[in-house]
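K.L.:
Straight from TrEMBL, here's the annotation block:
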DOMAIN    12-50  domain 'Transposase putative helix-turn-helix'
DOMAIN    219-335  domain 'Probable transposase IS891/IS1136/IS1341'
REGION    265-284  region 'Disordered'
DOMAIN    354-419  domain 'Cas12f1-like TNB'
REGION    426-455  region 'Disordered'
COMPBIAS  429-441  compositional bias 'Polar residues'
Amino acid sequence: MAFQIPEGWTAQAYRFALDPTATQERAIRSHCGAARFAYNHMLALVKAVIDQRSAERSYGVPDDEMTPALGWSLAALRRTWNRRKDTAAPWWSVNSKEAYNSGLNGLARGLDAWSASRKGARAGAAVGFPRFKSKHRVADSVRFTTGAIRVDHDRHHVTLPVLGTIHTHESTRKLARRIEAGTARILAATVKYDGRRWYCAFAVIVKAKRIMYRACRPPHPVVGVDVGVKDLLVVAAPDGTEIERIPAPKPLAAAHRKLRTLQRRAARQRGRWDPATGTRQDPSKRWLRTQTRIARIHARVANIRRHELHTVTTELVRNHNVIVVEDLNVAGMSRRGGAYKRGLNRAIGDGALGRIRTLLGYKTAWNNARLVTADRWFPSTQTCSRCQAKTKLALRDRTYYCRNGCPPIDRDTNAAINLARLGEPLSNGGVSRTGTGSSPAASDPAGDGCGAIHKTFPTDSAGKAGGIEASTPHSLQSVGVWGLPIRKERLPEMNRHTELTQVTGRA
């Protein structure tokens, strides 16, 4: 039975940097390698069974005489692994059983996603068949769901199965206080290496703190948020006031020159592959050091981006009741274009535009605010915020000139105003959202904060029960576009000379 979040509780995650000793780091890497070994071993078995049954079917072998099929669920993979581990991995007892279960869970989820994608039951792009994992290509990671998983009382150590007590680089007081108060319970812990240091992310369920009302009405209860490459956020009110404009931090662009230098240096060094023969070779120590420096730069870029996104989204949900954003197809925006669009695609990825809506999705629920998602085809940028006339703009046009002679306005501000007006009917207050459903296994969700509710989560509930991200998915209300079609309507081209004459009175 899939785990369900109890009524009045929500899923969150707390992430702490670790300072393991040399012995503990070797043990962590051993657990990550064990998870990767179990994944690759069972994937090879799955592929072998599929190929064998396909060959037997081509030879006309009856179904009852064919090689038995191998189950792809987590429980089936775990049963098969337990029968084979003594011969396939006689050293298996060195690591926690959760390490092998972590790899099997990843394989089960990958196979399930591939199967659902083939049947058309999974939204999004097509999912390929799971690939083998290499320690040089995949970040080291291991997940624990049972055993001694806790935050120690000194608030500077965490305890994990077999690994023992590990010192944290930062204080764990935020999570420790909630556990001591009985308003949080740890479900799982994931240890991961990002190229610079080790992190431990706790998936927890917490008792939601619902703000039933705000002490005072904010100056601008309804705002529209336009995201972009040049300015990360442009926030405006329905009355046309531009509230805030946050420039894009562009951390990847700032580190681009240093990355380019290091990557060119790595290309001249002895890497893992011989470019002349295309065969594998042992890399040089200098190449490995260069790769470590590259990984650290990418980790720093990701941290800067994550910090900026969390800062601006938290400020938004605390200061406004209704936030309106666009449903951007970020993947489609950066999918094509060739060499001439390479810089724009890089800037779109550097801004992490799609991540903003995800963060707002769960933060609005925590702060009793409301997130409204405008239809993807709503022409917020091409519609005049004063007279509602529509004018076609190119990407290079940073100022909106209305064809009816309205005063010029910044295109991002114009879009934010149009978005804000979509949320005006909802300005009476936010909507409280809570987790739904209950489970007998979770009848005492507070507990002592140690360990997991289930011994192992089913495949389809790992992400829902807490996952690695610091949120739980929430439904977002879509708003119609008020009869402003854009798909089939040909928008008029803008005559800059004529419009400037109307605005300024000069030819």
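Just so it is clear, glycine is given a Cβ too, placed from its N, Cα and C backbone atoms.
Situate these features within the shown structure.
P.N.:
Helix, strand and coil content of the domain 'Transposase putative helix-turn-helix' (12-50), in residues and according to DSSP, is 29 helix, 7 strand, 3 coil.
Per-residue confidence over the domain 'Probable transposase IS891/IS1136/IS1341' (219-335) averages 91 (mean pLDDT, predicted model).
Sequence-distant contacts of the region 'Disordered' (265-284) (same chain, at least 6 residues past either end, Cβ-Cβ under 8 Å): 136, 290-291, 294.
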